[in-house]
């Protein structure tokens, strides 16, 4: 239903005789029932919230159109937020007789979304198609690649110390910068079982719920942006080092989620959030510390520099900038967000600088690059 159709219906029913552009919430609720307009339970709750945000308990036509068509602009979301005290605080927790999958969807809603209105919106509108295939596919591909190289080299821990491992066409190496695919494909290779296990666990525990809520397009964009930023940052700041592992993408997802939790601390309803926040920060810091130790104090003799840790840090920066913008724009068009264009411009500027650096700076600076394996 568009605005003109709604206006025609209201005029036919003489629900706004003075043509104010507003209609009472109770009056519109009666219109919904009499004409069977497509409003599910969460939209009816939002209708109450919209009415609460208005001193006279009325709603403007455009907000009603947004409500019916499921479009959520920034102004629409602000109006909902102003009146959301009318909603029960823990409404979804009291839903009886849910299936196992629906209980999981409810769990995801409380883990990821900071607002009761958003949680209800997601819970009632969630569909199983398309499924969250991106994070699961990436994790499966990483495990398959690891098993193939582990079986071939008969080495499962610290694989990068094997001379044949770094010859893989997937690894990013500064001597192979012209092979542009390596700036992304290094995410399928890992130092060993310890790094793969850490990344796979976070991708499934955090990445899959984020993908369920925000969709495959946004989460895949964030993950790949973190991966690309990781290799490009290494090519600028640690010019002699190769890179392996999906840590750039993992840290982009985790940093975005943690930043979103912190900025919406009061609204998040996940249990033990302080303890879990501390545990997540300790684990992420420990992984960075392990990567720094392997880079500068390798425990085994190696034929060249070991993988850099800068991809972790670059991914975290992408997460708290681009990622936070994405997560805070749930069910809103990113192109309508001013902050999104600022972040996109900054990321594009970084890409152009990194490309220029990789094309010209190595020769101009006379960088001592180790020979490619």
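From the backbone N, Cα and C atoms, a Cβ is placed for every residue, glycine too.
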Given ranges 175-194, 275-294, the stretch to which Swiss-Prot attaches the annotation transmembrane segment: 275-294
Distance from residue 312 (active site) back to residue 247 (active site, nucleophile), taken between C-alpha atoms, in Å: 5
Fewest other C-beta atoms within 10 angstroms, as judged across 247, 312, which are the active-site residues: 312
Selected stretch (most C-beta pairs under 8 A with the transmembrane segment (196-216)) from 131-151, 243-263, 275-294, 307-327: 131-151
Beyond the flanks of the transmembrane segment (307-327) by at least 6 residues, Cβ under 8 Å: 160, 191, 210, 214, 218-219, 221-222, 225-227, 229-234, 237-238, 241-245, 247-257, 259-260, 263, 287-288, 291-292, 294-295, 334, 337, 339-340, 343-344, 346-347
